[in-house]
Amino acid sequence: MTRTAKLTIIPPGKPLSGRAMPPGSKSITNRALLLAGLAKGTSRLTGALKSDDTRYMADALRAMGVSIDEPDDTTFVVTGSGRLQPPKAPLFLGNAGTATRFLTAAAALVDGTVVVDGDEHMRKRPIGPLVEAMRTLGIDVTAETGCPPVTVKGTGRFQADRIRIDGGLSSQYVSALLMMAAGGDRPFDIELVGEDIGALGYIDLTTAAMKAFGAKVEKTSPVTWRVEPTGYRAADFIVEPDASAATYLWAAEVLTGGAIDLGVPSDAFSQPDARAYDMIARFPQLPAEIDGSQMQDAVPTLAVLAAFNETPVRFVGIANLRVKECDRIRALSSGLNRIRPGLAREEGDDLIVKSDPALVGKRLPAEIDSFADHRIAMSFALAGLKIDGITILDPDCVGKTFPAYWRTLAALGVTYQDKD
C-alpha cells in the first residue's frame, strides 16, 4: 500500500460536532493480549484496538504458539496453553514499545531462546534498565547496545525474590516485570526506588489487568508490589476506549467551540491520560505549569493546545518523552517553531510554549515533520483546525494506534488536501 507523503488540513471554519468514538486502548489491548496468551484456555477480548502496535503483539504471540482469531474489527479470541513456546525466528515488533518491553520480560518464561527485535527506530530506544533488572533474577538476557535486539534464554525459573528498579524510568519496564512475575516459580516483590516516580497510573492498569486474568498481586506500599506465582487463567475481557486518543477529540472540541460526543464520559476512563480532560476543559486558560509525568501521552495534545492559550505554559516532568517513538520534546518544539519562530523552546527537559491566541485564522504555511510518530502527527493536526497551511508529513503513521484518525476528523467536518 502506498503511503501518503503529506496531508494538509483545511481549517473547518466552524465548530466540529457529531459522534466520534475513540478506538480501544492500545495500552490495555497489549496487556490483555499478553496475559491471555500466557493463560491456559480461551479468552475473548472485546473493544480491542486493531492497529500496528497490537498486530505486532498478536503476531509475536502467534509465533510463540498462541492461537489468535479475529472474528471482527474489535475482537481477539486468544487460546493459550499456559506456556509460551520458543519462536522459530526473531520476533519483529516494529516500533511498538509496549510489545517490545512486555515480550522481553515474558520471554523469561519460555523454555528456550527468544530474540526480540524491532525497526530502526526501536533499535534506538533504551531497554537496558529492564535487561539489568531481569539479570538480578538470574535470567540470561543480553542487549549489546542497551537497545533491541534483545536475546533472552528463558527457563521460567528465577534466582531471587526481589527487584528494585528506578521509578523514574519507563513504567513499561515495571509493568513488564509485574506481568512476568505471576508466571514464575516463586513469589517476589517489585520495588520502585528514586526520587521521581513516573506514570504510576499505567502500573495500576497492569495490575488491574493481571487480576482480571487470575493473578494475585498486592500493593504492599506506595512503591512496592508483591506478586504470587499463580500463573494466569483465561477470561473474557472488555477493553475500554483509548484515553490518549480521546485527548485529540476533546482538544478539537474546545478549539472549535464544538460538541463532540465520544460515547463515554470523561470520568469513565481508568487510563492516566484521561487526567488531561480537566486541563483541556480549562482552555484557553491552561495553568502556567503542567506536570506531564502522570499523563505522558497527553502532553503532545496539551502542548499544541497551549499554542493558542491566553498565557504561556511550561511542561515539566516529561523527560521520558525524549525516548518515545521520537524525541517528543524536540519534535514539539521544532513543530511549534515551524508554525511561528519563537513559539516554543526547550529548557533542559522542560518544554515552554509561549502561546499566541492571535495565531487563530492566520495563514502560516508550515510542514510539520511527524518523525514517524503517531502522537506528533495527531497533535499537530489540531493546529490545522485553526491555522491555514498546516501540513503533516507521513500522516499514515497514525496507524500505530488510531488508524481511523483522519477519517474520524473528516466525519466531524474536517477536509484535507493530500499529496502522495
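The backbone N, Cα and C atoms fix where each Cβ goes, glycine too.
Feature annotations, reproduced from Swiss-Prot:
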type     : residues                                                            : note
ACT_SITE : ASP297                                                              : active site, proton acceptor
BINDING  : LYS26, SER27, ARG31, SER170, SER171, GLN172, ASP297, ASN320, LYS324 : 3-phosphoshikimate binding site
BINDING  : LYS26, GLY97, ARG125, GLN172, ARG328, ARG375, LYS400                : phosphoenolpyruvate binding site
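Features per Swiss-Prot, on structure.
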{"residue": "ARG31", "record": "3-phosphoshikimate binding site", "CB count, 10 Å": "27"}
{"residue": "GLY97", "record": "phosphoenolpyruvate binding site", "CB count, 10 Å": "22"}
{"residue": "ARG125", "record": "phosphoenolpyruvate binding site", "CB count, 10 Å": "19"}
{"residue": "SER171", "record": "3-phosphoshikimate binding site", "CB count, 10 Å": "26"}
{"residue": "GLN172", "record": "phosphoenolpyruvate binding site", "CB count, 10 Å": "25"}
{"residue": "ASP297", "record": "active site, proton acceptor", "CB count, 10 Å": "26"}
{"residue": "LYS324", "record": "3-phosphoshikimate binding site", "CB count, 10 Å": "24"}
{"residue": "ARG328", "record": "phosphoenolpyruvate binding site", "CB count, 10 Å": "25"}
{"residue": "ARG375", "record": "phosphoenolpyruvate binding site", "CB count, 10 Å": "30"}
{"residue": "LYS400", "record": "phosphoenolpyruvate binding site", "CB count, 10 Å": "23"}
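With respect to their backbone Cα atoms, ASP297 (active site, proton acceptor) and ARG375 (phosphoenolpyruvate binding site) stand 8 Å from each other.
Distances between the Cα of GLY97 (phosphoenolpyruvate binding site) and those of the binding-site residues LYS26, ARG31, SER171, LYS324 are shortest for LYS324.
Recorded residues GLN172 (phosphoenolpyruvate binding site) and LYS26 (3-phosphoshikimate binding site) have their alpha carbons 13 Å apart, per Cα-Cα distance. Applying an 8 A CB threshold to same-chain residues 6+ apart, the list for LYS26 (3-phosphoshikimate binding site) reads LEU49, SER51, ASP53, THR54, THR98, ASP242, SER244, THR401. A distance of 16 Å separates the Cα atom of LYS400 (phosphoenolpyruvate binding site) from that of ARG31 (3-phosphoshikimate binding site).
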